[in-house]
Structures are given as C-alpha cells and as structure tokens.
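Asks: Handing you a structure now.
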Amino acid sequence: MDKMLLLLGVSILLSEVFAQTDLTGKVFVFPRESESDYVKLIPRLEKPLENFTLCFRTYTDLSRPHSLFSYNTKNKDNELLIYKERMGEYGLYIENLGAIVRGVEEFASPVHFCTSWESSSGIAEFWVNGIPWVKKGLKKGYTVKTQPSIILGQEQDNYGGGFDKSQSFVGEMGDLNMWDSVLTPEEIKSVYEGSWLEANILDWRTLNYEMSGYAVIRPRCVALSSYNKIS
C-alpha cells in the first residue's frame, strides 16, 4: 500500500511538472522577477527551419528589457530569440544577429505579437495587436537549427540555463503557437482575433511543456476584446 501511494504521489507530481495539455483560455503566469522560474516547451520539430511564424499574447507591466521566447541549441546561443528591448521596441534574433522593430504601444496593456521569417529572402515581418510593423531583413539563406531548448520566462545564455533575473519575464503569456511556414496577413489577423489555426511546431491546444520554479497556470482574465481596443 505504501509503495502504491508513493507511486501515485510521484505520478501526480510529474503530471504537474511535465504535461501535454489543451491550454485554451489559460495563461502561464510568471509572478515575480527571478532566475529560477520558467517553462520549457517541447516542440514537434524534425528538420531545420527555413521559414516560421510565431504568435503569442502577453500582459506585463515591465518597463525594463526582457525575454519573451528563448530558443537555444547546444552549439548556438540565441539561435532564435524574441526580446522586448523597451516599450514599443522588439528584437528578433537569429543566430545572434538581431533585427529591431519599433512602433506605438501603450504601457501595461495586453499585447498580441506575431513575427515571421523567410530564409529565401531573409525578410522578417512583425505584427502587434493585428497591426503590421516595419519589415526587416536578416540571415538570408540561413536555416534555424533543430534540437532546441525553448524557454519562456528567462533568456538562456547557454543550453537550458545561464539565466539572469534582470532579463526575466514577469506577467502572463498565452496562446503561443509556432508554424514552419510564413502565415498570410489574413491568417495573422484571424489568429489575432482569436481563431484557431492548427500549428505544427508548437500548438497551444496540444502543448508539451515542463514547469520549473514559481510558474503557474491560470485562466486568462484579459478578454480578447481588450487586444482589439488598443490596436
């Protein structure tokens, strides 16, 4: 009986740490600045990326720089990184080379962010709350490598670690999806408005993840209409 209870306890603990879950209507909450709180995402990725689109929603009152999506490989720091430099300024980094985009944004307001990149042209596109921002170009002809460590809540300085709390994310993050293609403007708008478009790398409805430290899952309290109001 004791062994059965022990196994049951371990099973429950593991289910809280590692899970594949439909997170529709929910968010990851990172409630404090730290170097220990994060969520690791496990992608469905078998070959290098020649194209991608990544979308997610965030809600934070941070004014300092912070990481939004950190994708490292064993041989490359910042193989793919989304970094918020300051209010109204985002950076997309591929193999440590960055493209910075700037636009109008309200402080402490919910944000829906999308970025796409195409290897053949090197063109990166950015969308904030359904509005296209200026296109940039970087790493034409490159392919983003596989077997990544993908971290939300922290910026990796090495594979799966090297965190600095001054770069940590504090707030809510949800509706994160990643495709191995460049979505059309119509598809971006549809996703922004709350429609579901099945994603083949990371899908919020079938997400594999591991939670570490003080990161929790809660119902999303910010209505989708709130994103529409500020666009």
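The backbone N, Cα and C atoms fix where each Cβ goes, and this holds for glycine too.
Per Swiss-Prot, the features are:
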- 24-223: domain 'Pentraxin (PTX)' (DOMAIN)
- N51: N-linked glycosylation site (CARBOHYD)
- D77, N78, E155, Q156, D157: Ca(2+) 1 binding site (BINDING)
- E155, D157, Q167: Ca(2+) 2 binding site (BINDING)
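Any idea what these are sitting next to in the structure?
Replies: Taking Cβ-Cβ distances under 8 Å and a sequence gap of 6 or more within the same chain, the neighbours of N51 (N-linked glycosylation site) are S116, W117, E118, S119, D180, S181, V182.
Long-range neighbours of E155 (Ca(2+) 1 binding site) (same chain, six or more residues apart, CB within less than 8 Å of its CB): H66, S67, S70, L81, Y83, F163, D164, Q167, S168.
Secondary structure from DSSP puts D157 (Ca(2+) 1 binding site) in coil.
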Asks: Would you mind giving the whole-number mean pLDDT across the domain 'Pentraxin (PTX)' (24-223)?
Replies: 97
Asks: Quick check on the binding-site residues N78, Q156, Q167: which one has the highest count of other Cβ atoms within 10 Å of its Cβ?
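Replies: Max Cβ neighbours within 10 Å, all protein chains included: Q156.
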